[in-house]
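Copied over from Swiss-Prot:
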type	residues	note
SIGNAL	1-25	signal peptide
TOPO_DOM	26-238	topological domain 'Extracellular'
CARBOHYD	N51	N-linked glycosylation site
SITE	V136	site 'Key residue for a rapid dissociation (K(off)) from the conotoxin BuIA'
SITE	F144	site 'Key residue for a rapid dissociation (K(off)) from the conotoxin BuIA'
DISULFID	C155-C169	disulfide bond
CARBOHYD	N168	N-linked glycosylation site
TRANSMEM	239-259	transmembrane segment
TOPO_DOM	260-267	topological domain 'Cytoplasmic'
TRANSMEM	268-288	transmembrane segment
TOPO_DOM	289-300	topological domain 'Extracellular'
TRANSMEM	301-321	transmembrane segment
TOPO_DOM	322-459	topological domain 'Cytoplasmic'
TRANSMEM	460-480	transmembrane segment
Amino acid sequence: MARCSNSMALLFSFGLLWLCSGVLGTDTEERLVEHLLDPSRYNKLIRPATNGSELVTVQLMVSLAQLISVHEREQIMTTNVWLTQEWEDYRLTWKPEDFDNMKKVRLPSKHIWLPDVVLYNNADGMYEVSFYSNAVVSYDGSIFWLPPAIYKSACKIEVKHFPFDQQNCTMKFRSWTYDRTEIDLVLKSDVASLDDFTPSGEWDIIALPGRRNENPDDSTYVDITYDFIIRRKPLFYTINLIIPCVLITSLAILVFYLPSDCGEKMTLCISVLLALTVFLLLISKIVPPTSLDVPLVGKYLMFTMVLVTFSIVTSVCVLNVHHRSPTTHTMAPWVKVVFLEKLPTLLFLQQPRHRCARQRLRLRRRQREREGAGTLFFREGPAADPCTCFVNPASMQGLAGAFQAEPAAAGLGRSMGPCSCGLREAVDGVRFIADHMRSEDDDQSVREDWKYVAMVIDRLFLWIFVFVCVFGTIGMFLQPLFQNYTATTFLHSDHSAPSSK
C-alpha cells in the first residue's frame, strides 16, 4: 500500500513539473514577443537603420512551386512562387539567456517592418503577396520571411516557332518606395529554386537564372530579375493541329489523281481550302495578334492554302484542255511532241493500245491519200462513168464491143440512162458517208489526244505538288530543331535593352 502511494506521488510530481515547464515556456515566448514589439521601442513604420545613410540589405530568392499557365493571346504568365526575403533588424535582438535560451521566435509579418518588394511587371494589379505568413526572427536580428504568392506577370510571347517554341518570361522585383540609397537588393542564389516544383503538363523548365540589374544613368535604381526560360511540349498541338493539317494537305494531292470526267475536281479543291481556312481561324484565336512574327503553324497553313489555290488554277486549266475539240482549238505541233511523245515517257505513263492502233491507222490512211489512193472508189474525169466504177475495165470493153456489134443492144444501152443517174447519186451518198465517218474518226482522235494531254498535265502537276508538299513540310517543321535556344541567348537579348526606372 505504501509502494502504491509512493508511485502515485511520483507520477503526480512529474506531471506537475511538465505542466509548469510548458507554462513557463509559453510565458517566456509571450514575454519575448511583448519585449520585441513593445511600442515604446519598436515602430514598424521605420526602416531598420541606425542612421539615414545606412543601407538595409535585403536578400531575395524565388522558389517556383508551380507554373500554372502561360496565356499566349493575353501574354500573361501565371506562377505560384515563394518569395524568400532575408534582412536584419537591429531592434529585434535579444539575449537568449534572458529568455530560457530561446533563439528564434515567429512574429506576425504585419506587426514588423517589411521591405515593400513587389512584382514590377505584374499584369493584374496585384503587386503584393497573397498571404502574409509569419516571419522567423533570430536573436541576432536576422529575419527570414517566406510568403507564398500567385503572380500574373507580363510576358512577351515569341510566336515564330509556335508550337515548337521556347519563351523567356521575366519576373522583375524591386522596392516600390525605397531606392538603392536606402535598400540594397541582392541575390541569395543565382538560380531560382525548384525543390518544391510541381511539373507542368504543357511546359518544360529549361533554366531559371536570376540577375541583379543596375542602371548606369540612375544610381538609385536596382532590381532583381528572374528569367523563366521554358519550352513548350508540342504533343498536344501536334496531335490536334499539325497532323490534321498534313492529312488535309494530302487530300489536295488527290485532286491531280482524280479523273477529269468525274466532275468533282473543283469540289474537292474548294472543300480542302475551306478546311484549311477553319484551322487558320483556330490559330488566330490561340496566338497573340502581333505583326512582328507569323507562327510556324500559320506559315504552314498559308503555304498549303497557296498550294491548294494553285491546284484550283491548274484544275481549271486541265478541265479546259480536257474538253477541247477540233472545232474550238487546233493542237500545235509542239504540244504533240511535248505532251504526247516526250512527257509520258518521263512521267512513266503508258499510252493505251487502242490509241496507238488508231494512230497507226490514221497515219497509214494519210500516207495512202498522199500517194493518190483517194481514187479507190472512182476517178473524176470525162471518161469516168459512175455506173462502171466498180466493174472490171476488161469486161466493160467486151460488153461495149458486144453492144456496138448488135444494133438491138444499142437501144438497150440508151435505155439505161436513168439508171446511170441513180447510180451516180448512190455513189455520191456513199462517198459522203465515208467522208463523214472519216471526219468523225479524225475528230474523235483529236479529242482523245486533248484528253490525253490533260491527263499528262495532271500527272505532271501531281509529281510537282508531291515534291513541293513533302519538302516544304519537312523544311518548315525542321526549322525549330536547328534553333539554338540557350539561357545565354535569351539573357543576351535582354541585356541589350538596359533597365530603367
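Cβ coordinates are placed from backbone N, Cα and C, and glycine is handled just like the others.
Fair warning: this is a prediction, and the values are worked out from it, not measured in the lab.
A map of Swiss-Prot features onto the structure.
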residue	record	contacts (Cβ under 8 Å, 6+ apart)
N51	N-linked glycosylation site	none
V136	site 'Key residue for a rapid dissociation (K(off)) from the conotoxin BuIA'	K104, V105, R106, I143, F144, W145
C155	disulfide bond	V70, Q75, I76, M77, Q167, C169, T170
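The highest number of surrounding Cβ atoms within 10 Å, among the recorded positions F144, C169, is found at C169. Listed as Cβ neighbours of the topological domain 'Cytoplasmic' (260-267) (distance under 8 Å, sequence separation of 6 or more from its ends, same chain) are residues 312, 315-316, 318-319, 322, 451, 454-455, 458.
Summarised as a single figure, the pLDDT of the topological domain 'Extracellular' (26-238) averages 91.
Just so you know, the Cβ of N168 (N-linked glycosylation site) picks up 21 other Cβ atoms within 10 Å once every protein chain is counted. Same-chain residues lying 6 or more positions outside the topological domain 'Extracellular' (289-300) and placing a CB less than 8 Å from one of its CB atoms are 73, 157-165, 237, 241-242, 245, 280, 283, 473, 476-477, 479-480.
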